[in-house]
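Novice: Supplied in structure tokens, the structure appears directly below.
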Amino acid sequence: MPYRIDRRTYAETYGPTTGDRVRLADTELILEVEKDYTVYGDEVKFGGGKVIRDGMGQGQTSRAAGAVDTVITNALILDWWGIVKADVGLKDGRICAIGKAGNPDISDGVTIPIGPGTEAIAGEGHILTAGGIDTHIHFICPQQIETAIASGVTTLLGGGTGPATGTNATTCTPGAFHISRMLQAADGLPVNLGFFGKGNASTPEALDEQVRAGACGLKLHEDWGTTPAAIDCCLGVADRFDVQVCIHTDTLNEAGFVEDTIAAIKGRTIHTFHTEGAGGGHAPDIIRICGETNVLPSSTNPTRPYTRNTLEEHLDMLMVCHHLDSSIPEDVAFAESRIRRETIAAEDILHDLGAFSIIASDSQAMGRVGEVITRTFQTAHKMKVQRGVLEGDNSRNDNTRLKRYIAKVTINPAIAHGLDHQVGSVEVGKLADLVLWKPGFFGVKPELVLKGGSIAWAQMGDANASIPTPGPVHGRPMFASFGGAMAPSCLTFLSQAGLDAGVPEALGLRTPCVPVQNTRGIGKAQMKNNIALPKVEVDPETYEVFADGELLTCEPAEVLPMAQRYFLL
């Protein structure tokens, strides 16, 4: 006769199953398991006296005959497409199966064969997500990479050459020489990388040159002059080469207003950075652009979410980042024009509605590279507390909201920049860039970060201890972050033109180089779970924001979860 087990004991042994609920960190966000792909009574688990042993859960299947390299057992997957319990099989650095692991000689329905060549990672009691993708990186210092991967981010796109004055302000790697050096530097960093060329030019020749040198996108920044002519020229180049254009528009409205920028874009695909405007853009109404079908709107994390400290910290931050002088009244006025409580408050709600589709960092240039995922789910928490249950959710769970917010830092930036054929989700065929979280530390401190199917970062105790767990326990780089294992565990994203020109061979790059693709002709409709297109209007006197005629406003948070409770300093 079958053995019956109560839900609590089952969850403690094999992780939560269908209908079980889990709180994320110390937030008010609750997920509920929608489906369990494992088989009751036939689950696999590693350990002494447990299932994955020779002749039991482990069969005789060789790697060549189909056994996986690694199995993650009983993981609770949170992704844009669902919240499910499953075993996950990894092979050749990629996700090869999501389903039921085990020994096909003794079990039915096995989709992930475990053999003598299979490693096991215990996913029970853990949440599994895709590695985060941050598409707004100022490459000011290489130490950002360690901070990013420690937070669960495994792909970084942006621009820069180090702590140059231009890089401190703008996400551009200008010119073929600098693009080449940054591509070579990427070989020594344990994440996926791609670099934006400078897009500010009124004629295309210098932009063509940068794309052929390997730039995976182009960045228009107001500090270099984001004029209608530059916008039109840059987008023309992008359309010819299939790369994305990112834009930081004209705060001072010197060359035109938001209407002029929209006209210059001419309905072409464009990724608008910090679309609310505190990070830069037409004052006070750049936020309007999130209602355009061809616009892929993102936020940077200093305004995520709106709190009692947001306005105060932004002024000094802005003065430093954009090389302004507090003794010059015009510089101070420029800074003050960008910081508006009304538009920042509206940004919270526009994210909750799915009108803003992406969240990124703006690393060391009005943003924090290690807080993208944290601030995303702080925003989700704040919106649940202030706005209540989202349409599609209920009193039991926040699954709709969670799938909306996880998409903002995984699949949507991947789609926007033509990376989604490689990364951005927990789906078969994708690079195995995966993050395991203890639920109590979700979004704050990952337990394990895999890059290309190998462990690159993990919480680890005293290296001289007799077991891995004695303190001090903190995140540390693992073997996939060292030596010859690093490069094959990562990808470098280039333009197809750069690959055709032989850039990887000419530079002697060791990291596999892949093209960005399908960046043109996409729009809000392609953003997963974030496709809202409200008509947004801004009162020019009060800065109040209206969406489809409804005032968007909320109070600043006085306290947030996922914050000081998790950090000693």
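Yeah, the Cβs are placed from backbone N, Cα and C, and that goes for glycine too.
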Novice: Looking at Swiss-Prot, His136, His138, Asp362 are annotated for Ni(2+) 1. Which of Lys50, Lys219, Lys445, Lys451 sits in that same site?
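Specialist: For the Ni(2+) 1 site that includes His136, His138, Asp362, Swiss-Prot also lists Lys219.
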Novice: Looking at Ni(2+) 2 binding as recorded in Swiss-Prot, which candidate out of His248, His282 goes with Lys219, His274?
Specialist: His248
Novice: Rounded to a whole angstrom, what is the C-alpha distance between His322 (active site, proton donor) and His221 (substrate binding site)?
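Specialist: On Cα coordinates alone, these residues lie 11 Å apart.
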Novice: What is the separation, in Å, between the Cα atoms of Lys219 (Ni(2+) 1 binding site) and His248 (Ni(2+) 2 binding site)?
Specialist: 8
Novice: Is it possible to get the count of other C-beta atoms within 10 angstroms of the C-beta of His274 (Ni(2+) 2 binding site)?
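Specialist: Excluding its own Cβ, the number within 10 Å is 27.
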Novice: Identify which of the binding-site residues His136, Lys219, His221 has its Cβ surrounded by the largest number of other Cβ atoms within 10 Å, counting every protein chain shown.
Specialist: His136
Novice: Out of His221, His248, His274, which of these binding-site residues is nearest Asp362 (Ni(2+) 1 binding site) by C-alpha distance?
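Specialist: With Cα distances computed to Asp362 (Ni(2+) 1 binding site), the winner among His221, His248, His274 is His274.
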Novice: Within 10 Å of His221 (substrate binding site) (Cα to Cα), which of the binding-site residues His136, His138, His248, His274 do you find?
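Specialist: Matched binding-site residues: His248, sequence order.
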Novice: Rank the recorded positions His138, His248, His322 by how many other Cβ atoms lie within 10 Å of each Cβ and give me the one with the fewest.
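Specialist: Per-residue Cβ counts within 10 Å for the recorded positions His138, His248, His322 bottom out at His322.
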